[in-house]
Every structure is written in structure tokens, then in C-alpha cells.
Amino acid sequence: MKLPLLLALVVCSAVSTNLKMVSKRNSVDGCIDWSVDLKTYMALAGEPVRVKCALFYSYIRTNYSMAQSTGLRLMWYRNKGDLEEPIIFSEVRMSKEEDAIWFHSAEEQDSGFYTCVLRNSTYCMKVSMSLTVAENESGLCYNSRIRYLEKSEVTKRKEISCPDMDDFKKSDQEPDVVWYKECKPKMWRSIIIQKGNALLIQEVQEEDGGNYTCELKYEGKLVRRTTELKVTALLTDKPPKPLFPMENQPSVIDVQLGKPLNIPCKAFFGFSGESGPMIYWMKGEKFIEELAGHIREGEIRLLKEHLGEKEVELTLIFDSVVEADLANYTCHVENRNGRKHASVLLRKKDLIYKIELAGGLGAIFLLLILLLVVYKCYNIELMLFYRQRFGGDETTDDNKEYDAYLSYTKVDQDTLDCDNTEEEQFALEILPDVLEKHYGYKLFIPERDLIPSGTYIEDLTRCVEQSRRLIIVLTPDYILRRGWSIFELESRLHNMLVSGEIKVILIECTELKGKVNCQEVESLKHNIKLLSLIKWKGPKSSKLNSKFWKHLVYEMPIKKKEMLSHCHVLDSAEQGLFGELQPIPSIAMTSTSATMVPSQADLPEFHHSDSMQMRHCCRGYQHEMPANTLSVPSLGNHHTYCNLPLTLLNGQLPLNNSLKETEEFSRNNPLLPLTSKELSFTSDIW
């Protein structure tokens, strides 16, 4: 009888001693209420869970057996609002076992607070425990609301234990625990070791963060507990660092009175283990809360975060800046390692400064516009100036004989319309004359320079290959006759155009819209890889200082300009006997021919078609007549020179004796045109 009484006194003494060490949270009707214990019980629906009375583990220095032997009773209640309802244990799904409640198969409706009360006639104390039961989230083996949380610094050692496993441990053996990461089996690397019911990571890396689930079987049911591991940076030993304003470098902000203003304060916080960054503004020795109502702080914004390291921003807001606000403002940042600060000085904006700034920006803007306009209007002139001063010579060592191949249509003068005369005269006379005599380019003109050595197509292809540019003059007659067909039908010429082997200069002498074959011209443009399009606009383009000639020279090969004498204008086939002759305009040639040549009816075998075909093969040249030479009054000092027939050049004479006199007359008369037979190798389109 004395022994139980002595034991009761010891228990009561232990309880009383413990109560002196822990401050009471509440006391109702003489019963000490410790409110809700910090430990939270969590389980998935359908799994077993054990809720222990926290009094025996955190609040008194005794266990359930000793308390029971002294006459103390343990009773369980479930909190429903402000009421505590006694629990009736059914022994089927929920039962009482010593100091705990066993849920053999927990359900979501079991979630709530459970209170254990330990009392006798003299003493009473109680504490509540929280239980949360939830279903698995879709496709997962856990619910994110009932995860345990663990943190570890990167490169440190971390052990993740399986929570509450002691409740399911049998005395004779350790539980067989299986670990998963993100609900999937994983082949752990060598530095991750399973140690009993725990997982040991010897050196934590950033990718080790995630959800770890431990699983075991207990009485035929699965028990799973999930722990979220958050990997952080190493614990910092430095105070935060201000990013703006700069530390030890006060920033000056020019403000306009009456206008709103926002001043951001940005700072970097290393990982310190604290719940949140501490950042605030002050004006002198006063906090912002002590100032006028038109000045306030915004919300702290998280700009960046990585492994617990944060970059945050706090904005100082002025609804309307007044004169009294022109002062120094300081942004303070701190953690448990120290404090840093940075300052901003508000200064009234000077109107003159604003005008100067606007004027300077305006001047720069106008200068840029002026330069843009100058370049837009004179870009070709600028490029030509640069090429003349600093450019090289494109014709050096390229193994090409001609600067350009000139392709145009040879038209009979009598068939020209009055509307097309200017275009055809430009193609036949003005264009080659200016390029060769004024700019010193060497052109290949098939009518003049083609010397047959094989078939016509082969000779033409060879000459195009020897040229650096291909100039196509789109006159009305050229378009009508589809003069470009040869460049599409002959495969070698076509390949040169589409591959960019030769650059093509396309000169439009007329408006293409509405013309016959205009669609084919557009198709030709699309097929040429290197194409430059230049438009000739009639007489105003004929002036040497016009935009047309500058553009044309810009597209021609880069070469050093050479002043040519009149004798150099003639090609090699025209030198020798006629080397000193000077060219005269076609009008003079026509008048000369009309004066000296007998009438067409008087010439034997003279055909009108031959005359039209050969009119462009004759050229007039001017030279000084010797004093002792008898001049023809109707001619003055003009002579007319025609190309020699190929039959004469080759030393061949016709076999037909009946035509001997006529042919002899033709050979001895320099004013007659070549016959169609002698020019059988030529073409109307060059």
C-alpha cells in the first residue's frame, strides 16, 4: 500500500516540476491547455496512421505506464469547432492503444484536431494534435499538401529519414523500405546510399532537389511518406548588397515639381536561412511611414531567385513631388550578418538643361536626316567618287577582252516609227558612242566586231564569255522581236545568266506595261541572278551629267579611265588603211551617201532590202584632204567608208562570169553597201 502511494507522489512531483519549466498557454477550469502541438500527422487515404499523445513526449517527464500506475487517466476528444467530443473507439477502423490512437485505414473525413487529456482529481493537462488525410494527386504517389520538408545546402551532407517509421517497426526486424524520387524508381549514383530506413546523400548537388517517397508494407497495406528536399546555396556570412542605388556612390535624380516619381531600390540577398529579405527606405532619420501621406513604399518584389539567393526590389513612390521632397533618401538592406545602405538625392530639374538637351537631340536628329537624304539622292555619286579615289581595277588579270557585250536590235531606218526613233537612235548611236569614246570602255558590238570562225551561236557565246558585262537594250523593236530569245535557247548563255557568271545591265528605253511580250520580259528579269535595271528617259537622260549615265558607269566594271584618241575607237579589223579616218554623225553619212551614190535604179542587181540591211554597216569618217587633191564640191572633206566584203578579205572571187562586171564595179566602188550574200552570217538582233 505504501509503494503505490510513493509512486504517485513521485509522478505528481515530476509533473509539477515539468510545469514550472514550460510556460502555460491556457488554463480553463483548472486544466492546463497546451493548445496545438507543433508536430503534424499526415497520411494518404487508405493508409494506417498512429496519432500519439504529445504530453508524454514534449511536456512532462513521464510515460504512459507511470502515469497510469499513479491513477492518472488518459482520455481522447475530437475537436468540433469550440466543442470537444469524446471519441468512441469502434476497434474496426480506429482503436486506442496505450498513449496513441490507431487509424487502421485513414479517410479524408478523419482530418482534424485530436485532444488528449491527462487528469486525476488534483491535476489536469491537455494538448491537441493535428491530423491531415488526403488522396493522391492525379498521376502521383503523394499529395503536395501532406509532404514533409527538408533543406540542405549545396555540397553538404544530408540524410533524409522516412517519417513515423518507428510506429510500424516490429521488434524483431527492421522495416523493408523502398525509396522513390518523383514516384519513380531511380538508380542512385554512388554518393547516395540507403542506410536503414534513411537515404544518405554524401554531397548534395542542385539536381538532388525534389520529392523523395519512402514505401513499406504494414499488415498488408502500403505506407508511404513523401519528403520534399529543397537545395539551397551555401549559408552566406555577408550582408546584402545594394544594386541600385550604388553603395558609397549617391545617385542624383533630376525631378520636375508636381510630377509623380518612382525610385526603385534593388538589392541582392545571399541565402541566410531567414524567412524574408529586410529592405526599407528612410529620409534622414525618419522612416517613410512617418512622412507625409503622398510618399509611400510599394510592395517588395522578387526579381530573381536561385537556390535561396534573391534579388528584390522596393519602390519609393511619390504621388506628386513638392519642394520639401528635394532631399536625400536612403535605402537600407540587412540580414543577420549586417546592414548596407545606398542613397539617392532628389534635385530640381533645370529648364535650361532640358532645352539644351532637346536642342542637342534635335540637332543630331536633323543631321541624321540630312545625311540620309544626301545618301539617298547622291549614293551613286558617292560610290563613284570612292571608286575613283580608292578603287582598284576590275579588269586586271580576269582574262576577258571586252568590258561589255551590247545586245540590241538592228532596225531599218525606213521602218522606224516616229515614236520609236529616239529609243532606236539611243541604242544604235548614243549608247556605244558615249561608253567607248567618253568613258573609255571596250564594247563588243556584234554588227561591228563579230568575226565568224564557226557557227553563229558558237561565235556569239564565245564573245559573251569574253565580256565582263552583258548590256541588253530593251527598245520597242527589241521587245517586239523577242531579242532575248537567244539567251534562253542557248544553254551555255542561259546558264551564265541564271548562275550569275555574268552581270546583266538591263536598259529600259520604253514603258513595258501594255507592250507585247512584256510578261516574257518580266520572266527574264526573274531568271537573271545578277541584274541591274536602268531606265532611259529620253533626251533628259542623254546629258553626260544625268543620273542615267552615272548609274550605268556605276554598274560597269571598275577600271582606270583612259583618254582614247580617235584612232583607238576603231577595232583591230578597221585599222591600217582607214586608221586615220575620223567618224562623222550618221546624218552626214546619209547625206554624203545620197550625194555620191547613183540612183538605185541605175545600179545593177541593187535590191531595196539589201540597202536597208547594209545601211548600218557603212560608217562615215572625216579627215584632212591634201592640198593637191581634187575635192568633190558636193562632199567637201567628207569620205564614206564601208566594211569590206568577206569574199574579198578571203581572197575569193565569184565563179559566175555573167556577174563579173557588176562585182568588179562593186569592188571598185567604195560607196556601195555590201550585198546580202556577203553578209549571210549576220543577224538583225545582236
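From the backbone N, Cα and C atoms, a Cβ is placed for every residue, glycine too.
Not measured: the values here are computed from a predicted model.
These come from Swiss-Prot:
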{"type": "ACT_SITE", "residues": "Glu488", "note": "active site"}
{"type": "DISULFID", "residues": "Cys53-Cys116", "note": "disulfide bond"}
{"type": "DISULFID", "residues": "Cys162-Cys214", "note": "disulfide bond"}
{"type": "DISULFID", "residues": "Cys265-Cys331", "note": "disulfide bond"}
{"type": "DOMAIN", "residues": "141-232", "note": "domain 'Ig-like C2-type 2'"}
{"type": "SIGNAL", "residues": "1-16", "note": "signal peptide"}
Cys162 (disulfide bond) and Cys265 (disulfide bond), Cα-Cα, nearest whole angstrom: 44
Under 8 Å by Cβ from Cys331 (disulfide bond), same chain, sequence gap 6 or more: Pro242, Pro245, Cys265, Ala267, Ile279, Tyr280, Trp281, Leu314, Leu316, His341, Ala342, Ser343, Val344
Euclidean distance between Cα atoms of Cys162 (disulfide bond) and Cys116 (disulfide bond), Å: 26
For Cys53 (disulfide bond), the three-state class that DSSP assigns: coil
Cys53 (disulfide bond) and Cys162 (disulfide bond), Cα-Cα, nearest whole angstrom: 20
Per-region confidence, the domain 'Ig-like C2-type 2' (141-232) (mean pLDDT, whole number): 92
For the domain 'Ig-like C2-type 2' (141-232), residues assigned helix / strand / coil by DSSP: 10 helix, 46 strand, 36 coil
Reduced DSSP assignment, Cys116 (disulfide bond): strand
In the chain carrying the residue listed as 'active site', residues 6 or more apart in sequence that have Cβ under 8 angstroms from it: His494, Leu524, Asn527
